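According to Swiss-Prot, the substrate binding site annotation covers Arg57, Gly58, Ala59, Arg100, Gln206, Asn257, Lys258, on the basis of sequence analysis. Positions annotated as site 'Transition state stabilizer' by Swiss-Prot: Cys167. Per Swiss-Prot, the feature active site, proton donor maps to Asp247.
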Amino acid sequence: MEVRYKPEELTKLPRSVEYKERTVYMINQRLLPREFKVEAFRTVESVAEAIKNMTVRGAPAIGAAAAFGLALYAETSKAKSKDEFMDGFYKAYETLKNTRPTAVNLFWALNRIKKLVEEHLEDPLDEIKSLIVNEAQKIADEDVEANLRMGHYGAEVLPEGNLLTHCNAGSLATVHLGTVGAVVRVMHKDGSLKLLWLDETRPVLQGARLSAWEYSYDGLNVKLIADNAAAFVMQQGLVDAIIVGADRIVANGDFANKIGTYMLAVLAREHGIPFFAVAPLSSIDMSLKSGKEIPIEERSPEEVLTCGGCRIAPDVPVYNPAFDVTPHKYVTGIITDKRVVWPPFKRNLKKLFGEQ
């Protein structure tokens, strides 16, 4: 596979998460599409709250945000000794770790920095601080590079024509470009993407608010549908492939993604439509054997009872899982930053990590 485009050739959007001068900068995704605003965060607690309340969202984006939270701690800590600094480091680590339970990138990024620090405990404190900041930036930069590779891998295997996607796995969900976002942007640049169908993605409307905004901003041909119209457009022969992101892929190929993904996978099988997941290696959790082991976040009932801040239902009990799990039997292929993985996933994912 040859990488033919640079990030700036594929999107006009800035990075969704950045760190400079002891400040984490993030696009506030809660305000879109009404307002585009980059907000500054200068404490670990404020970064953690931004992850929790979905100011920043998307597995790779929250992984980078958490890493930058540790960088922020390192550069603002007033600890006078290494022991005092490490006590504060572990507190910051736990604060960031306890924000959202499903996306594995969060834990992967935090544990990567924690492991590095613990390997260098004999180093001078200033060097440990620099290690943390540099590693956090490396995590963010690697995400952009991974997305670029996934974009080109995906463009090689997806059919020309109309794609359907769910939620937002675009630039906003990552540091830059996106997972699904990179694939559809490369295909758009190549001229092979004719139309991108966007599910609205209730209850938080990431498809309607975020995907519709960012893809139309970059000039892609998009069409928004209600979630319950997906089966009909498939039945009408208007979808050539389905492409979704993944917050956590496990060893057998099952994966967790935004609630409603499983439904699309079953519908794709019924209509003979290829169904692909796109995610970097950092989203693959080989420690879990099946999707039944993935913790599923349940969010506030208010997300279902309201829409755009307006009450749309009476005060009734609500079940609001943020994710569902798609069994691997429905998955045509998994597009990673190393290559496309095909069934049997249990064997081929193990082989993928054996190549590391």
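Residue 1 is the first one shown; counting continues down the chain.
Note that Cβ sites are derived from N, Cα and C of the backbone, with glycine treated the same way.
Structure coloured by features recorded in Swiss-Prot.
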residue: Arg57; record: substrate binding site; CB count, 10 Å: 25
residue: Gly58; record: substrate binding site; CB count, 10 Å: 32
residue: Ala59; record: substrate binding site; CB count, 10 Å: 29
residue: Arg100; record: substrate binding site; CB count, 10 Å: 22
residue: Cys167; record: site 'Transition state stabilizer'; CB count, 10 Å: 28
residue: Gln206; record: substrate binding site; CB count, 10 Å: 27
residue: Asp247; record: active site, proton donor; CB count, 10 Å: 29
residue: Asn257; record: substrate binding site; CB count, 10 Å: 28
residue: Lys258; record: substrate binding site; CB count, 10 Å: 26
* Beyond the site residues Arg57, Gly58, Ala59, Arg100, Gln206, Asn257, Lys258: chain residues whose C-beta lies within 8 Å of the centroid, for substrate -> Ile62, Ala103, Cys167, Asn168, Ala169, Ala173, Gly245, Asp247, Ala322, Phe323
* Asked: Which whole number of Å gives the largest C-alpha distance between any two of Arg57, Gly58, Ala59, Arg100, Gln206, Asn257, Lys258, the residues noted as binding substrate?
  -> 17
* Pop the Cα-Cα gap between Asp247 (active site, proton donor) and Arg100 (substrate binding site) into the table, whole Å please. => 11
* Structure fact -> One should report the C-alpha separation between Ala59 (substrate binding site) and the residue listed as 'active site, proton donor', rounded to whole angstrom, as 5
